[in-house]
Every structure is written in structure tokens, then in C-alpha cells.
């Protein structure tokens, strides 16, 4: 396995670790509605950071974006909005299926759709079937899916042992939402594929290869921001028990505390895709769609590890922890199989 591929896998692991940890600051926000908290964090992660970093990277910010036709930018934006819809469905999936089943189904579907639809759309799926490296890579995707399934099973055992139930269990509604979440969340993978002309233009301007994907985030995350912020603001305006004004009428120290923690959560959310861009840059071009598989499987891996570190599994008993550990090992094996496949 080449050093470039190894570093690509490593940066995807770092990005996934940030994704697994980003909600921790949000949990410490006090006396704010979820909608206000999510909006503040989202403004940081989807608007401020993408724009600020792109302004630092690009020699002429406005000239860069105005150089693209609407036919180039619109698919990137719409796929970003597609991801935004998946993001909202994610929370509803947890509500109706519970954390473990919801995450397992949603992540499993988005892993498959986001990874395999890209080469199918690009007409490159034959590379996976007809080459040794491609078949090895496909095997890695399958093993990763098995690993996600094992971790999901561990979560179910934990919830059963600890008496944790879904907020409002509804299998039919939850499965529909989980499938929608999985499909729509893959929009981020499709957006990265559609944004290749933007990456090439950034490279032509002298932007370091590690950073060429970052300017496209202004458009991708702009699409996601409109969906997420629109959803939050509509709820803040229409739901009787929610009030943006009330949330910002608290004591000043508490408001500052909440804003800083929400901003930190937003920063950590953004960092997942900052390092995703680094990992993506190191993956061989013919296998760039594997970035999504690495990110999503590592997200499940890191989520399990973070749960162990935070002692969320302390009262779950030995069997769930053993199954979780097995699932994590399988995901690590999958990453190595994919790496070997890409090297071939």
C-alpha cells in the first residue's frame, strides 16, 4: 500500500473522529431549543467557515465562483441540498427506530448508495468488476457493511440491557425515514463528484492539492444550509413552545456559553469534511468514490470508540462490548482491504 493511500485513509479516519465527537459540545448547551442551537452551529459550519477558508485559499474569491456556469454550480448546490434533507431525516430516524437500529440502517444505506452510485453514474463500474484491484475494493465495501451491521447489533444489545427505547417507536415510519435518510445523505458524495470542475479550477489557480475541494464547500454546504436553517427557522416561527427571542433573552453569560459551545460543535462538524478533503486528495482518482465508504465506516468505528471512552457502555455488560469490539475490528480490516485494492 503506497504512502499516499495510507495517508488518505488516515485523514479520513481523523475526519470521521471529528464527526463522531462534534455533538459533545452541543450536549452542554443549556436552556436553548435544539433549533436555536443547531442554527448557531450550522451558521458556523455551513456558512462562516467554508467562506472564510475559501477566501484565504483563493487569489480572487469572486472571480473564482463567477467563472463557473450555472450548469456547473446547480448540481453541486442541489446535491448539497439533498444531503441537507438527509441530515434532517437522520434525527427523525433516531426518534422512531432508536439510536442503534436507526444509525445502522441509515449509515448502511448511505454507505452503499454514496459509494457505488458514483461509479455507476460515471460509467466506471466495470473497473470494479473487471480488475483485481476493483474486486478487492468491492470486497472491502462489503466487509465494511458487515462491520457496520455488527456495531449496530452491539448497540441493540446495549439498549436492551440498559432498558433504552426509542422515543416514539414506529417500525414502518422509521424504516421509511431511515431509507430516505440513507439515500439523501449520500448527496454529499454526489456533490463532491459533481464539484470536480471546481476542484480542477482551484488546482489551476495554484491551490495545494490537499485543499482543492474546500472552495466547493461554499456551494455544497450552502445547499445544505438552506434546508437545515430553513427547517429550524420555520419551526422557531411556528411551533408554540419554541422561541428564538426567548433563547436570546437568557442571562448574558449563559448566552455566551451557549453560543461558544454551539460554535465549537459547528467547528468540529466542519473539520470532518476539512479532513475528508485531505483524504479525498490522497485517494487514486479512479477510486475517489471510496472516500465516502471510508468516511461513513470510520464514523461508525469512531462513534463506538468515543462511546467506550465516555463510559457510555459501562453498564451494558460484557457481551455488547465484545460485539462492539468485533465490529470495530471488522471495519479496520475493511479499510485495509480497500487500501490494498486501491494499491493494485
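Every residue gets a Cβ built from N, Cα and C, even glycine.
Features of the protein shown, as given by Swiss-Prot:
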TRANSMEM  4-24  transmembrane segment
TRANSMEM  38-58  transmembrane segment
TRANSMEM  68-88  transmembrane segment
TRANSMEM  101-121  transmembrane segment
TRANSMEM  137-157  transmembrane segment
TRANSMEM  175-195  transmembrane segment
TRANSMEM  214-234  transmembrane segment
TRANSMEM  259-279  transmembrane segment
TRANSMEM  290-310  transmembrane segment
TRANSMEM  323-343  transmembrane segment
Answer key: the stretch among 4-24, 38-58, 68-88, 259-279, 290-310 with most Cβ pairs under 8 A to the transmembrane segment (101-121) is 290-310
For the transmembrane segment (137-157): best-contacting stretch of 175-195, 214-234, 323-343, by Cβ pairs under 8 Å: 323-343
So, taking each listed stretch (4-24, 214-234, 290-310) in turn and counting its Cβ pairs to the transmembrane segment (323-343) that are under 8 angstroms, which one gives the highest count? 290-310
Is the transmembrane segment (4-24) close to the transmembrane segment (175-195), in the sense of at least 3 CB pairs under 8 angstroms with a sequence gap of 6 or more? no
May I ask which of the stretches 38-58, 68-88, 290-310 has the most CB pairs under 8 A with the transmembrane segment (259-279)? 38-58
Who are the long-range neighbours of the transmembrane segment (68-88) in its own chain, taking Cβ under 8 Å and residues 6 or more past its ends? 110, 180-188, 190-191, 194-195, 197-198, 201, 216, 219-228, 231
Touch test for the transmembrane segment (290-310) and the transmembrane segment (38-58), at least 3 Cβ pairs under 8 Å: no
Per the Cβ filter (under 8 Å) with a sequence gap of at least 6 from its ends, the transmembrane segment (4-24) is approached by 265, 268-269, 271-276, 278-284, 291, 294-296, 298-299, 301-303, 305-306, 335, 338-339, 342-343
